[in-house]
Amino acid sequence: MQIFVKTLTGKTITLEVEPSDTIENVKAKIQDKEGIPPDQQRLIFAGKQLEDGRTLSDYNIQKESTLHLVLRLRGGIIEPSLRILAQKYNCDKMICRKCYARLHPRATNCRKKKCGHTNNLRPKKKLK
């Protein structure tokens, strides 16, 4: 039977499958066509994420059904030098006490008109 897999980019992939095929088999077929590793694929049908060990018939997926393919979110640690750079960019700021504008670290006056370019500034609080 034929099923369709729709990606987030809107592309539709056509697959030839059997009702007895497992979700793992379907992911392998998607890898063959698109080159996306199965461990990065998440298949959704009728609002449910499909589990690898189950079959298409377990989820009542019939001919010409459409599955939705989303990619797994990747997480992890940031390289130390990039972390320091990001921290400097986001955390080393001065804050206007009147309008809460974020200013560069060496600012002496606020750049906003609404607080009258006040010189009442404080350093941004550090994250714990």
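Every residue number used here counts from 1 along the chain in the order it is shown.
Just so it is clear, glycine is given a Cβ too, placed from its N, Cα and C backbone atoms.
On a predicted model such as this, the values are computed, not experimentally measured, just so you know.
What Swiss-Prot says about this one:
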type	residues	note
CROSSLNK	LYS48	ubiquitin cross-link
DOMAIN	1-76	domain 'Ubiquitin-like'
SITE	ARG54	site 'Interacts with activating enzyme'
SITE	HIS68	site 'Essential for function'
SITE	ARG72	site 'Interacts with activating enzyme'
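Nearest to LYS48 (ubiquitin cross-link) in space, judged by Cα atoms and limited to the recorded sites ARG54, HIS68, ARG72, is HIS68.
Secondary structure from DSSP puts HIS68 (site 'Essential for function') in a beta strand. Burial estimate for the recorded positions (LYS48, ARG54, HIS68, ARG72): highest at HIS68, by number of other CB atoms within 10 Å. In the three-state DSSP scheme, LYS48 (ubiquitin cross-link) is classed as strand. A distance of 19 Å separates the Cα atom of ARG54 (site 'Interacts with activating enzyme') from that of ARG72 (site 'Interacts with activating enzyme').
In the domain 'Ubiquitin-like' (1-76), the DSSP tally of helix, strand and coil residues is 18 helix, 26 strand, 32 coil.
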